[in-house]
Every structure is written in structure tokens, then in C-alpha cells.
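Undergrad: Have a look at the structure that comes next, please.
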Amino acid sequence: MNLSFFDQFSSPSMLGIPLILIAMTFPALLLPSPGNRWITSRLSTLQLWFINLVTKQLMMPLDKKGHKWALILTSLMIFLLLINLLGLLPYTFTPTTQLSMNLALAFPLWLATLLTGLRNQPSASLGHLLPEGTPTPLIPALILIETTSLLIRPLALGVRLTANLTAGHLLIQLISTASTALFSTMPAVSLLTLLILLLLTILEVAVAMIQAYVFVLLLSLYLQENI
């Protein structure tokens with residue numbers, strides 16, 4: 001029974017072919033494509049308003065030099081948001097519960113911010129490894145600690161996103177299983193469990209949105225340190 005709880009995190013396959021790419025590209029198909037008309041629909045207007053709001057929030061911590069990253073950061077935010085929210089629907093698969101995918105998103109973007117700093121301002125980027133005014137005997141230890149904390153950033157990004165979504169999905173499945181099992185013996189307790197499940201589902205919708213925002217916001221903060 002315990003193994004079946006984790007079956008939802010395995011990539012769906014058909015004829016032995018993993019369907020994770022379809023699960024990743026399907027959310028983009030739900031976005032309305034812009035047309036050539038001057039007067040757009042309400043859905044397109046709402047989409048543009050949301051994209052402008054997300055872009056403004058992500059670009060607030062950045063200087064003007066970092067605004068050229070607006071397209072990739074906003075696209076990543078919308079991509080993660082759609083995947084996280086659609087993964088809460090029944091009979092769906094959430095690709096962001098896979099640590100390999102989250103690391104594949106976090107590591108190249110973190111490395112790009114690091115290389116940007118090393119290319120544009122190498123002295124300032126390397127200066128983060130040693131705080132000013134450090135006593136001489138502590139210099140080797142602090143450099144080692146700061147280097148470790150710098151290298152662990154992409155791992156922390158991927159693990160944070162994976163752990164939050166995985167824990168939420170497991171809680172939803174455990175509570176729904178308990179509610180179904182108790183319905184025939186204790187209907188009152190089952191209804192109370194169902195109410196808890198409803199509140200947990202609302203909480204998971206908020207978690208899905210917050211985790212997508214936190215993932216991209218931390219990348220923008222890493223970028224700000226290097227520009």
C-alpha cells in the first residue's frame with residue numbers, strides 16, 4: 001500500500017515510452033495565442049495583465065542591467081506555475097515532483113548568473129567568498145564555507161521545489177484514502193476528513209503558486225548579486 005502512494009510520482013508511459021515531455025509541453029497549449037486583431041478577447045487581456053504583473057514583481061529587485069533576463073525569468077515563472085497547478089487535477093502528472101527536472105532547470109540558470117558575475121565583475125563576485133574585516137586565522141575556513149554555500153544553491157532550489165510539491169501530493173492522497181476508508185464505518189469522521197482535504201487542497205494551490213514564485217525570485221536575487 002505504501003508503494004502505491006509513490007506511484008503518482010513515476011512518469012507515465014505508453015508502450016514503454018515516457019510521456020513526461022507531453023506533460024511538460026501541454027500547459028503551454030492552454031495559453032491563448034495572440035492574434036492580429038486590434039481588439040483582443042478578455043482572456044488575452046487577462047493573460048497580458050498577469051504577465052505584466054509577474055514581470056514587474058520579478059524585475060523589482062534587479063537593476064537595469066538585469067532587465068534583459070525578463071523574458072526567460074517570466075517564461076520560467078509561468079511554466080512552473082502552470083505545471084504546479086495542473087498537477088493538482090485528478091489523473092494528472094506533475095513533472096516538478098522529479099528532482100532531476102528541477103535540477104535541470106536550477107543548475108544551468110544558476111551557472112549562468114555565476115558566469116555573468118565572473119565575466120562582468122570578477123573582483124566583486126569573488127569578494128563574496130570572503131566578508132570584509134574577517135580575522136586572518138578564519139580566512140581559509142570562511143572561504144571554504146562560502147564556496148560550499150555557493151555551490152549548494154542549485155541543489156537547494158531543486159530540493160525545495162521537489163520536497164514541497166511531493167509532501168503536498170502525499171498528504172492529499174493519504175487524507176483522501178482515509179476519507180474513503182472511513183466512509184462505510186464512520187460517516188461523520190469521514191465528512192470531517194473530507195473537509196480537511198478540501199482545506200488542504202486550497203493550501204496546496206497556494207503552495208504551488210508560492211513555490212513557483214520563490215524558485216524564480218531566488219534566481220533573480222542570485223542574478224542581482226552578480227550584476
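Keep in mind that glycine also has a Cβ here, set from the backbone N, Cα and C atoms.
Annotations per TrEMBL:
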TRANSMEM  12-31  transmembrane segment
TRANSMEM  68-89  transmembrane segment
TRANSMEM  101-118  transmembrane segment
TRANSMEM  138-158  transmembrane segment
TRANSMEM  170-189  transmembrane segment
TRANSMEM  195-223  transmembrane segment
Undergrad: Could you tell me whether the transmembrane segment (68-89) and the transmembrane segment (195-223) have 3+ CB pairs under 8 A, leaving out pairs under 6 positions apart?
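TA: Yes, the transmembrane segment (195-223) and the transmembrane segment (68-89) are in contact.
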Undergrad: State the non-local partners of the transmembrane segment (138-158) in its own chain: residues 6+ outside its ends, Cβ under 8 Å from one of its Cβ atoms.
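TA: Cβ under 8 Å, 6 or more out: 99, 102-103, 105-107, 110-111, 114, 128-131, 215, 218-219, 222.
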